[in-house]
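Heads up, the thing below is written out as C-alpha cells.
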Amino acid sequence: MIVSAVANYYAILVVENFNKNRMQENMSAIHPDWLIPSDRFGWLAIFRNVVPLFLLLWFSPYIADWSPMAPLLIMPLIGLLIYRITLIMHDCVHYTLFKSRHLNKKVGLILGAVAGIDFQEFAHQHWIHHRTFGTSDDPQGFHYYNLGAMTPSKMRIHIIKPLLGFNLRDTFHESIGAPHNLFRLVRTGKIFIIAAVQILILLIVTGFGRHFILAFLPFVSAITFGLFFSQLRGIAEHGLVDVAQQSGHVRSHAVSWLDQILLHDVNFNFHREHHLFPQCPSVHLPVVHQALSTDDAPRLAASMFGTLHSIYSELGVKHE
C-alpha cells in the first residue's frame, strides 16, 4: 500500500514536470493571437448543442402522445447532447470560450444547470485531472486507468457499464444534487439560477405536466448515454495497454466526422495540445498543432474510434 502510494506520488510529479517542461519548451511556438478566445466560436458551439437539445425536449411529449415508450428512442440523442454541453463547459473552466472571464463563469453555471452539473465542482475536478492525468489520482481515471489489466471481455463490460448507470457513482460528486454542492448553491444564492433552468426543462420535457414521467428523461439520458460517450472519449485520449507508459500519456486525433458527432466538439481531438497549453483557446488548437508539428512529434491517431479498436485488439493479443 505504501509502495503504491509513493509510486503514484512520483507519477504525479512526472505529469506536473511534463506540463511545465513542455510548456516552457514550446511557448515560443505560440503566437500571442492564439491566446485570444473567439466569442463567435463560443456562441456557435452553444447554439449547435443547446438548441438541438431543447428541440428534442420540446418534441418529447408529442412523441409520447404517439406512444408512451417512444421517448426511449431519443434517449441516446439527448444523452449525447448533454455530454457535448460538458465539453463547452470545459472551455468555460479554462476561461477560453469567451474573451470575458465573467461571461465564461456565467455561461458555465447556466450550462451546468442544463446538464445537472455543479460548475464549480466540475472545474475543481478538471484542474485535478490536469495535474494527475495518467495516474490513479486522476478523477477521470476510472475511464481509462489500468486498462492493461483487463481482458477483452472485461473491457467490453467496462464499456457497457455506463449504459447501465454504473458510472454515476464516479461522477455524482459533480452533480447539482450532491449535498456539498447543493448546500453551497443555496448559500451563495446560485440555486435560484439552477432551479429556474431546471424548472424550464421540466415544463418543456413534460409538455407542461402532460407527461410527468418524462421529467426523468434528461436525467436518465445523461447518466447512461451521456456518461457512455464521455468514457469512450476518455479512453481514446488517455488509455494505454502498456501500464508502464501510462503516467502523463495523452494523445491527439485527426479530424473524423464520426468522432466530431459522437465524441468531441470544440476541437477536443487536439487533446495533447490542450494539455500542453491549457491557456490556449480551443478555437486555435488546430494551428497550435501545426506549429508544434516536427519529425519527432507524436503523430495524430487516425480517429478516436480507431484508437478504441486498437486498444481492444492489443488486449486480445496480450491475453491470448
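Each Cβ is built from the backbone N, Cα and C atoms, and glycine gets one as well.
Curation does not apply to TrEMBL; its annotations are automatic.
According to TrEMBL, the features are:
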- 41-60: transmembrane segment (TRANSMEM)
- 70-295: domain 'Fatty acid desaturase' (DOMAIN)
- 72-97: transmembrane segment (TRANSMEM)
- 189-206: transmembrane segment (TRANSMEM)
- 212-230: transmembrane segment (TRANSMEM)
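Highest Cβ contact count with the transmembrane segment (212-230) among the listed stretches 41-60, 72-97, 189-206 falls to 72-97 (criterion: pairs under 8 Å).
For the transmembrane segment (189-206), same-chain residues at least 6 beyond its ends with a Cβ under 8 Å from one of its own Cβ atoms are 54, 57-58, 60-61, 109-110, 112-114, 116, 176, 182, 212, 214-215, 217-218. If you look at the transmembrane segment (41-60), the same-chain residues 6 or more away from its ends with a CB under 8 A from one of its CBs are 71, 74, 77-78, 81-82, 84-85, 88, 91, 97-98, 107, 111, 114, 201, 204-205, 207, 211, 214, 217-218, 265-266, 281-283.
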